[in-house]
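J.: Sharing a structure below in structure tokens format, with a few things to ask.
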Amino acid sequence: MTNSPRTAAIIVAAGRGLRAGAGGPKQYRSLAGRPVIARAMEPFCTHPGVMAVQPVTNPDDTEMFNAAVAGLNFRPAVGGGATRQASVRAGLEALAELKPDIVLIHDAARCFVTPELISRAITAAGATGAALPVVPVTDTIKQVDSSGAVDATPDRASLRIAQTPQAFRFDVILDAHRRAASGGRDDFTDDAAIAEWAGLTVSTFEGDANNMKMTTPEDFAREESRLMAALGDIRTGTGYDVHAFGEGDHVWLCGLKVPHTRGFLAHSDGDVGLHALVDAILGALADGDIGSHFPPTDPQWKGAASDKFLKYAIDRVTARGGRVANLEVTMICERPKIGPLRDAMRQRIAEITGVPVSRVAVKATTSEKLGFTGREEGIAATASATIRLPWGADGLAG
């Protein structure tokens, strides 16, 4: 069996990103609630084939960098140089003590890199020694002269757009960078160009059209909108219900018939757990409450099973193209004891709603003998619901 190559990654993050407009270096800007650099680094930090991640940053950005990537696992950042080329060389020299077989060099501004693309880069470098991801050119390209007049129309069939991570045998790209520096060449815009200059054959592999470089304000606006649309409109709601005890030998709790010394005084079956969940879901939808949909004055709901109400609330979410992400209910009572029933309650709620049981929580507490629940005069329940709706479900733009 062939051993996997020892692979390290360099994240180039020393640039100032002036074309992105005001707001500081683009790699530290928030994109849908998360810094660009954190999005760019995490796939490398968590990839099983990458043994070390070496950031290269501007020393003036240390505080921003540490805050942006907190929680990720990487080597201490090294300071970059005056050019991208100098910054990459600083990263290579920092990795020299590790002697990796393969190095991946990635721009921090490309924050949509995927684990699959990283794996392809490692494979390509292992096979050819030098490789970069590319995507086809789909637009017609015009070559112009200094006046802006069209000089030529290159055949786009032979053109490709270069991306990162670019992947190399570590020893050969380090040598190429050292030779370029000693020869006074500091004008290369990517590492594949340095490899070509050094006489290496650079192969290509399939890139990713989504692996774009965040460069302009328009890039940030477009990708912010796309990410927020994919995330969806997240809503939360809360609910509360209470029922007093009356005559009977059982109570309905979270969809279960539970033997008890008393029953509930209620128009329906009095299931406080499900009623609280219904109100939480309707609240997340801004769609009234259980009483407005199922009035206690309406005789058709006399003795009704509360699972009908909960299914109705779920259908209201589905009708708007949404889904329930999480349900939680807390029972407040002295008796009956909820602990032994917890898992069965979660399962029953999951069956009624279609929500995975892993996203259903049932908790219990007491009022420490205080109030009506402490005096065992009834049971109360609180609930919360988190739902996801598509942007525009209520007329709002994404």
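Placement of Cβ uses the backbone N, Cα and C atoms for every residue, glycine included.
For reference, Swiss-Prot lists these features for the protein:
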type: REGION; residues: 1-234; note: region '2-C-methyl-D-erythritol 4-phosphate cytidylyltransferase'
type: SITE; residues: Arg19; note: site 'Transition state stabilizer'
type: SITE; residues: Lys26; note: site 'Transition state stabilizer'
type: SITE; residues: Arg156; note: site 'Positions MEP for the nucleophilic attack'
type: SITE; residues: Lys213; note: site 'Positions MEP for the nucleophilic attack'
type: REGION; residues: 235-398; note: region '2-C-methyl-D-erythritol 2,4-cyclodiphosphate synthase'
type: BINDING; residues: Asp241, Val242, His243, His267, Ser268, Asp289, Ile290, Gly291, Thr365, Thr366, Ser367, Glu368, Phe372, Arg375; note: 4-CDP-2-C-methyl-D-erythritol 2-phosphate binding site
type: BINDING; residues: Asp241, His243, His275; note: divalent metal cation binding site
type: SITE; residues: His267; note: site 'Transition state stabilizer'
type: SITE; residues: Thr366; note: site 'Transition state stabilizer'
J.: Just name the most isolated of the recorded sites Lys26, His267, going by other Cβ atoms within 10 Å of its Cβ.
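T.: Comparing Cβ neighbours within 10 Å for the recorded sites Lys26, His267, His267 has the fewest.
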J.: In the same chain, outside Asp241, His243, His275, whose C-beta lies within 8 angstroms of the Cβ mean position for the divalent metal cation site?
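T.: Here the non-site neighbours turn out to be Val242, Ala266, Gly270, Asp271, Val272, Gly273, Leu274, Ala276, Ala380, Ala381.
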J.: Ser268 (4-CDP-2-C-methyl-D-erythritol 2-phosphate binding site): which of the recorded sites Lys26, Arg156, Lys213, Thr366 is the nearest Cα neighbour?
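T.: Result: the closest of the recorded sites to Ser268 (4-CDP-2-C-methyl-D-erythritol 2-phosphate binding site) is Thr366.
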J.: So which recorded positions are near Ile290 (4-CDP-2-C-methyl-D-erythritol 2-phosphate binding site), with CA atoms within 10 Å, out of Lys26, Lys213, His275, Thr366?
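T.: Checking Cα-Cα distances against Ile290 (4-CDP-2-C-methyl-D-erythritol 2-phosphate binding site), the recorded positions within 10 Å turn out to be His275.
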J.: Considering all pairs of residues in Asp241, Val242, His243, His267, Ser268, Asp289, Ile290, Gly291, Thr365, Thr366, Ser367, Glu368, Phe372, Arg375, annotated in the record as contacting 4-CDP-2-C-methyl-D-erythritol 2-phosphate, what is the maximal C-alpha distance expressed in whole angstrom?
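T.: That value is 30 Å for the farthest Cα pair.
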J.: Nearest by CA distance to Lys213 (site 'Positions MEP for the nucleophilic attack'): which of the recorded positions is it, out of Lys26, Arg156, His275, Thr366, Phe372?
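T.: Of the recorded positions Lys26, Arg156, His275, Thr366, Phe372, Lys26 has its Cα closest to that of Lys213 (site 'Positions MEP for the nucleophilic attack').
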J.: Given the recorded positions Asp241, Thr365, Thr366, Ser367, Phe372, which lie within 10 A of His275 (divalent metal cation binding site) by CA-CA distance?
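T.: The recorded positions passing the 10 Å Cα test are Asp241.
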J.: Roughly how many Å separate the Cα of His267 (site 'Transition state stabilizer') from that of Phe372 (4-CDP-2-C-methyl-D-erythritol 2-phosphate binding site), to the nearest whole number?
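T.: The separation of the Cα atoms works out to 20 Å.
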J.: Please classify the secondary structure at Thr365 (4-CDP-2-C-methyl-D-erythritol 2-phosphate binding site) using three-state DSSP.
T.: strand
J.: I need the CA-to-CA distance for Asp241 (4-CDP-2-C-methyl-D-erythritol 2-phosphate binding site) versus Lys26 (site 'Transition state stabilizer'), whole Å please.
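T.: Per the Cα atoms, Asp241 (4-CDP-2-C-methyl-D-erythritol 2-phosphate binding site) and Lys26 (site 'Transition state stabilizer') stand 49 Å apart.
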